[in-house]
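Undergrad: Here it is, the structure, as structure tokens.
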């Protein structure tokens with residue numbers, strides 16, 4: 001459909017996601033940000049031995065640096081959502097890049113472990129969090145039909161950067177020491193600012209016109225008749241009074257939209273993701289030590305993680321391509337369930353691996369399933385809540401995941417110390433992932449069956465299926481039709497005309513039954529005078 005003319009007071013059509021063009025630049029920026037966010041906390045572990053010597057602390061003390069980074073990445077999700085909704089993605093990412101870089105640079109001058117916690121842990125972790133979440137939001141803004149593929153390609157940044165940052169950190173440590181390495185790594189993090197700079201708002205050129213059109217549209221709704229800003233009305237004493245149109249006050253923008261908790265699909269996803277995170281990260285954390293306990297040499301044991309990373313690089317884009325197929329995308333939640341089930345069964349089957357060949361086979365299948373989970377997790381969330389509410393949804397989901405991250409891996413480590421047996425831990429972690437998969441699949445199936453019994457309202461998107469732009473265009477088109485019907489030209493302001501108009505309005509109010517009450521149909525955009533046209537269409541993908 002063509003765009004409405006803002007100068008005529010009509011609402012302009014929404015800007016369609018280009019699914020390409022500048023979106024590929026945004027995708028590359030998201031690829032880099034995802035790589036830094038997930039790989040950096042693991043890459044700094046190459047400096048731990050030197051930090052232990054200089055600060056005279058144990059391994060568990062230095063490991064808190066990575067833990068604090070991850071806690072900031074997950075736990076500050078709602079804060080990031082509020083900042084994005086208030087200031088936009090680009091300013092937040094620029095600030096985040098400066099914070100991340102400053103944290104590592106300041107860490108190179110620290111004299112004790114506590115200062116490292118505050119600089120490399122808190123500052124750098126917060127900076128990466130302020131980059132990670134907005135980059136995903138922008139990716140969902142620029143891609144709609146190709147969004148599964150875009151998510152898969154962006155998620156591939158994690159294994160690519162993990163396989164490159166760790167060797168780079170080792171080289172920097174040998175040539176410049178840990179302080180010089182921290183300085184250079186801080187400089188690398190300034191690339192986050194570059195990635196933030198390319199996150200151009202999709203509606204930058206339309207924002208001012210849209211606000212102007214909205215103001216005119218609301219003003220015309222409030223006019224008594226005819227579309228004039230003032231209208232003379234004759235009174236009994238022969239004088240004239242003017243009746244001015246009053247503009248409705250604008251509703252404040254929600255900094256954090258908690259209405260997504262009314263979406264049962266979001267609740268199902270959140271519970272499933274919490275259970276998943278309890279066991280998902282346990283096998284790769286314990287894999288090297290598990291291999292060493294079975295008699296595998298140190299170099300070969302470390303190579304197992306490289307196998308997982310290499311397979312992961314190709315698994316994520318491939319899974320994104322599969323999820324984008326027309327016959328797969330409406331059922332992306334079931335594909336996500338299959339990926340989790342595949343991952344959990346891999347953990348369970350590998351629990352009794354007793355030689356290097358068995359561990360290599362485990363790493364191949366774990367890399368495939370782990371890549372599938374990484375490629376689909378945010379695509380499913382976008383399909384559930386839509387791009388408009390994704391900024392709030394991802395912040396709340398990451399906050400809930402933070403608790404699971406703090407519970408799962410530490411608890412597994414304590415069980416290993418107590419039982420001296422890795423087999424039980426792999427069984428437990430795999431069972432948690434399988435439980436998450438079964439819960440998501442069964443809950444989705446039950447909710448879909450319930451939805452089939454009750455006919456859904458019109459324009460309600462199917463589960464994880466259609467694009468966001470189609471329903472947005474239909475809402476704006478409906479608003480334009482109401483606007484063109486209601487805005488009739490004036491026929492005069494004499495006393496007889498005004499009386500006739502007032503009588504017609506009175507009859508119309510009586511016929512409406514509720515005196516101008518707004519229609520309450522879900523997703524319907526009302527253009528009647530005095531009605532709130534800011535209703536939103538709830539996306540209930542499940």
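Every residue gets a Cβ built from N, Cα and C, even glycine.
So Swiss-Prot lists these for the protein:
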type	residues	note
COMPBIAS	468-478	compositional bias 'Acidic residues'
REGION	226-247	region 'Disordered'
REGION	453-542	region 'Disordered'
REGION	465-510	region 'Basolateral sorting signal'
REGION	511-532	region 'Basolateral sorting signal'
TOPO_DOM	1-19	topological domain 'Cytoplasmic'
TOPO_DOM	41-63	topological domain 'Extracellular'
TOPO_DOM	85-93	topological domain 'Cytoplasmic'
TOPO_DOM	115-119	topological domain 'Extracellular'
TOPO_DOM	141-152	topological domain 'Cytoplasmic'
TOPO_DOM	174-181	topological domain 'Extracellular'
TOPO_DOM	203-265	topological domain 'Cytoplasmic'
TOPO_DOM	287-301	topological domain 'Extracellular'
TOPO_DOM	352-357	topological domain 'Extracellular'
TOPO_DOM	379-392	topological domain 'Cytoplasmic'
TOPO_DOM	414-423	topological domain 'Extracellular'
TOPO_DOM	445-542	topological domain 'Cytoplasmic'
TRANSMEM	20-40	transmembrane segment
TRANSMEM	64-84	transmembrane segment
TRANSMEM	94-114	transmembrane segment
TRANSMEM	120-140	transmembrane segment
TRANSMEM	153-173	transmembrane segment
TRANSMEM	182-202	transmembrane segment
TRANSMEM	266-286	transmembrane segment
TRANSMEM	302-322	transmembrane segment
TRANSMEM	331-351	transmembrane segment
TRANSMEM	358-378	transmembrane segment
TRANSMEM	393-413	transmembrane segment
TRANSMEM	424-444	transmembrane segment
Undergrad: Can you work out whether the transmembrane segment (153-173) touches the transmembrane segment (331-351), with the criterion being 3+ CB pairs under 8 Å where the paired residues are 6 or more apart along the chain?
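TA: Checked: the transmembrane segment (153-173) vs the transmembrane segment (331-351), no contact.
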Undergrad: Cβ under 8 Å, sequence separation of at least 6 from the ends of the transmembrane segment (331-351): give me the contacting residues as numbers and ranges.
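TA: Distal contacts: 148, 272, 276, 279-280, 283, 319, 322-323, 358-359, 361-362, 365-366, 368-370, 372-373, 376-377, 379-380, 383, 422-424, 426-427, 429-438, 440-441, 444, 463-464, 541-542.
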Undergrad: Are there residues at least six beyond either end of the transmembrane segment (393-413) with Cβ under 8 Å to its Cβ atoms? List them, or say none.
TA: 70-71, 73-75, 77-82, 133, 136-137, 256, 260, 266, 269-270, 273-282, 285-286, 378, 381, 384-385, 425, 428-429, 432
Undergrad: Which range out of 182-202, 302-322, 358-378, 424-444 gives the transmembrane segment (266-286) the most CB pairs under 8 Å?
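TA: Per the Cβ count, the answer is 424-444.
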Undergrad: Which residues of the same chain, at least 6 past either end of the topological domain 'Cytoplasmic' (85-93), have a Cβ under 8 Å from a Cβ in it?
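TA: That would be 33, 130-131, 134-135, 137-138, 192-193, 195-197, 199-201, 253-256, 391-392.
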